[in-house]
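For reference, the structure is listed below as structure tokens.
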Amino acid sequence: MKYHNFENGDRMPVLGLGTWKSAPGEVGQAVQDAVSLGYRHIDCASAYENEEEIGAAFNGMISTGSIPREELWVTSKLWNNAHAEGQVRVALEKTLADLQLDYLDLYLMHWPVSFASDIFFPESGSEVQAPDPASLAATWKGMEDLVDAGLVRHIGVCNFSQKKLAALYASARIKPEMNQIELHPYMQQPEMLSFCQQHGIALTAYSPLGSPDRPEFLKAENEPVLLQDTTIQKIAEVHGVSSAQIMLAWAVNRGTSVIPKSTNPERQAQNLAAADIQLTDEEMNQIAGLDRKRRYVDGAFWCLEGSPFTLQSLWDE
Ligand code: A2P
């Protein structure tokens, strides 16, 4: 396994297990299967509504001594309804209780989007708020306080545009060390990659396989299906591996971490092995040519009528 090395010496396995869309009743087993296969990085979020079941799986493995806590890398995310001062720690403590852990390796702000504490998912655009610099700074201070308190070892963000990330980076006392964003051959974000490399910020690729199991409201007609891309399929044939493995290998070969979701042990094993596949420069170039700036998780659900966001202002594009 390859690792991302943080400045303080901590190291995160570059390939982790995604748990978004892992169904209740399945996710606990999926986490146990993954750890048995050798996964040591699990990506969670309170918004996935499955942290309690993951926590039971962690506790089963840690309390029996089959896996020491410090050998696991656990990430979770602060939901958008807990950005207010005083809410950040409450939300983290709930996640820790659900996951049955006493610290997280990495805690991320899930979106640069806020709503009131009694809303889980806004039904109208008017319930969405765009955090102004002062409120974003207050939320980030709450994140920094968690590091000071020893409750989380690293902090970062998700779904931040380069502009939003640069502004946070400039004002933060503890710099964001991670941006977790949608990255795959159809959504490559090369400028973001070089910005993050220059600033010592790591990137994690979500939806690396194009999230074919994403909810219906995120699907559109005539979408390109990443797993059926013929260029990727040809490279996969040369290596004698699957298309999914080539996409994960591409993510690792370009220097990002990657968190494919699977609840199937065979596919989990395949995905884990992909981190060690070496692609040639020529193959990397061929995949670079596939970019079409296509988001599968485009954030349109935050941009309903009455929202302060449009897709352009959400992504600063
Ligand atoms: P399953 O959980 O049944 O394995 P993403 O990580 O981009 O969100 O994609 C997750 C989706 O891709 C899930 O539907 C998952 O199904 C499927 N998947 C995960 N690994 C593979 C693989 N190696 N080959 C094909 N599909 C995969």
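Glycine is treated like the rest: Cβ placed from N, Cα and C.
Curation does not apply to TrEMBL; its annotations are automatic.
According to TrEMBL, the features are:
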- Tyr48: active site, proton donor (ACT_SITE)
- His110: substrate binding site (BINDING)
- 15-291: domain 'NADP-dependent oxidoreductase' (DOMAIN)
- Lys77: site 'Lowers pKa of active site Tyr' (SITE)
Any idea what DSSP makes of the residue listed as 'active site, proton donor', helix, strand or coil?
helix
When a 10 Å sphere is centred on the Cβ of His110 (substrate binding site), how many other Cβ atoms does it contain?
20
